[in-house]
């Protein structure tokens, strides 16, 4: 019993700070959009497409470098602490490469946003915002690398603290640079981009300050292992690239869903946006615990302790299902008061459709949490090739093709779209659970 309680304590101590870190990033993004919406309608119209486009491109690099978390976790479990420093440096070399590639991509902002067909004044703002985020993106990639030094060893509290500091720095700077306050010039959407890159810079510098010292160098070889290790870098790319593509496909699938639903009409799009805003209450804990579970599974497999990995998996399922059950009860039995946070009683059509969507979403969030749990196990082991191919095939066959047929040919409505989305997440869960039950992940290592 005491051992089980200790494992629960370990699970919460690793995962909760990651959940709070994600919440801090969400608050930072939300306030940015609020400030832009109050500043200018064109600015907020440009921020979402430009922000999503830059985020999709950045995930290619952050997905690779973020997978250092698993390398460091397995080296920690194996007691090979001297290999952590080389991992960090290979990640920093990837960040350096990303700086060159992102700078090149920024030159294609014009043709990219002309494809969207937005108004010329909106396209101008989209290009400005996109270029700033791309040119500063490598700093964010480097910050992800350095954060893995803590998260991979299970010390996620510094990650939480530094992220919250970055949020507290960003919010007032964002407002000042957008609107022009005191010594700061009025820069609109360019100010929002500069504030974001400034927060990334502060976060990265704080990580570097905490990491690169003689004490850490003695144990982790952080200062003495700066050379490029081609064999290690190759392994990081082989394991990290599929994980990166899986994450990019996840983001793309939901962006595709929003785009497709937008073709149904403004009401359907508004209802879906509200639903996703509420779904984030379930999404952030699911992702945070998935990341924490990946670390704990990686550490367990690093010391060849498969049973601990299984125990952490079972406990994550129990914790998330207990939390999700509360949300399911609210979405099923009290959708009206929840929708009332966004809608007035006069908006009857929105309330009616929103009620149906929330009840479908009650099932969606169950499958989503289970999917992220078993995804966390497979990632923690290093089974990223299977993850990439399974997510790619499932996204095409269960999401993109059916949704296109439903909207373009069958002319079905919002409920059919949300049922399709729920079946898509159910399929992702089923495939990941099947792979988990196969047990091949128990024999996979990245080190």
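Positions of Cβ are set from backbone N, Cα and C atoms, glycine also.
In TrEMBL, annotation is done automatically, which means it is predicted and not curated.
Residues or ranges marked as transmembrane segment by TrEMBL: 12-31, 43-70, 91-109, 129-152, 159-178, 190-212, 243-262, 274-297, 317-336, 356-374, 386-412, 418-436.
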Touch test for the transmembrane segment (43-70) and the transmembrane segment (386-412), at least 3 Cβ pairs under 8 Å: no
Stretch among 129-152, 190-212, 274-297, 386-412 sharing the most Cβ pairs under 8 Å with the transmembrane segment (159-178): 190-212
Segment-segment contact (the transmembrane segment (386-412); the transmembrane segment (243-262)) at 3 or more Cβ pairs under 8 Å: yes
Sequence-remote partners of the transmembrane segment (317-336) [C-beta within less than 8 Å, at least six residues beyond its ends]: 8, 11-12, 278, 281-282, 285-286, 289, 351, 354-355, 358-359, 361-363, 365-366, 369-370, 373
Tertiary contacts of the transmembrane segment (274-297) (same chain, 6+ residues out, Cβ under 8 Å): 10-11, 14-16, 18-23, 26, 69-70, 73, 151-152, 154, 156, 254, 258, 308-309, 312-313, 316, 319-320, 323-324, 327, 331, 338-339, 342-343, 350, 354, 357-358, 361, 364-365, 368-369, 372-373, 375-377, 379-381, 418
Criterion met for the transmembrane segment (190-212) and the transmembrane segment (129-152) (at least three Cβ pairs under 8 Å): yes
Contact set, same chain, for the transmembrane segment (129-152): CB under 8 Å, 6 or more residues outside the stretch: 18, 46-47, 50-51, 53-54, 57-58, 61-62, 65-66, 68-73, 75-76, 84, 87-88, 91-92, 94-96, 98-99, 102-103, 105-106, 109, 112-113, 158-159, 162, 189-190, 192-194, 196-197, 200-201, 203-204, 207-208, 211, 220, 222, 291, 295, 298
Folded-back contacts onto the transmembrane segment (243-262), same chain, C-beta under 8 angstroms, at least six residues removed: 52, 55-56, 59-64, 66-67, 268-269, 272-273, 276, 379, 384, 387-388, 391-392, 395, 399-400, 403-404, 407, 414, 417, 421, 424
Outside the transmembrane segment (12-31), six or more residues from its ends: residues with CB under 8 Å to it: 51, 151, 154, 156-157, 159-160, 163-164, 166-167, 170-171, 174-175, 196, 199, 280, 284-285, 287-289, 291-293, 295-296, 316, 319
